[in-house]
């Protein structure tokens, strides 16, 4: 049976590991160290570690694999293949070149578009109507290896980064399992990435989280769903942070300055730069838990002044 080392960390990686382990001999799982989580800073294992322990697979958690003693242990396993999916560290050539069939990665974009750590976020931020998964060879340069297989999936207006992560993790697992038989048999010729089409999905900055109400409504709508459920787009209301977790978009145009409020007893609408409307459905005022807009408008939102604007 083919011996595989699997490397991954978040929930996205779990279906890939589970599918691999159902058919192949996964001899080791490498994931990030346990991290403090939440206000109480409880030391919490990554999702992949939990899944690996349930499957009784040995787990390695080096802080920095490149300088870890565990690197030589992994090479000594003499695996046939290394598979990664959102692991979170650049791997040294000594490990990439050690397996018989090399090292491959399950990446959540249609490469060469969106190399980097936030491809799902950027697909939504940019208003894409489709994205997908690419399986490619691992090289030391970030997400730059030749492409082995690729599969597309649509993005709808009802999707956000959370729903797309779920869809892409399942798609990635399916594509990998469909690809491996021919790949291991040497029947697939990998295709180099077109350097003219390379784009990058760098980590989201705090500046990208803040809503600019002078922008078009569609752009703001894409920002809200692209940053949900993490890190969440925000604006300000009476100079205090105000997060918008979920919203819909109305192309109907209204008169009003960017950030102007149109509200009744149960709904809240905000005017964008082009006059179209953002309609928040799940929000989080400063110092409060997240809530549906109806609850807000029948509570603190009742006192919103018609002259109040978001972003001020």
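Cβ atoms are placed via backbone N, Cα and C, with glycine included.
Positions annotated as (6S)-5,6,7,8-tetrahydrofolate binding site by Swiss-Prot: 109, 110, 111, 112. Under the DSSP three-state reduction, residue 110 ((6S)-5,6,7,8-tetrahydrofolate binding site) is assigned to coil, being neither helix nor strand. Residue 110 ((6S)-5,6,7,8-tetrahydrofolate binding site) counts 21 other C-beta atoms within 10 Å of its own C-beta, drawing on all protein chains shown.
There are 20 other CB atoms within 10 A of the CB of residue 112 ((6S)-5,6,7,8-tetrahydrofolate binding site), with all protein chains counted.
Around the Cβ of residue 109 ((6S)-5,6,7,8-tetrahydrofolate binding site), the same chain contributes 115, 119, 120, 123, 131, 132, 133, 134, 201, each under 8 angstroms and 6 or more positions distant in sequence. Residues 107, 113, 114, 115, 119, 132, 134, 143, 147, 150, 193 surround the recorded (6S)-5,6,7,8-tetrahydrofolate site, their Cβ atoms falling within 8 Å of the Cβ centroid of 109, 110, 111, 112, which are themselves excluded.
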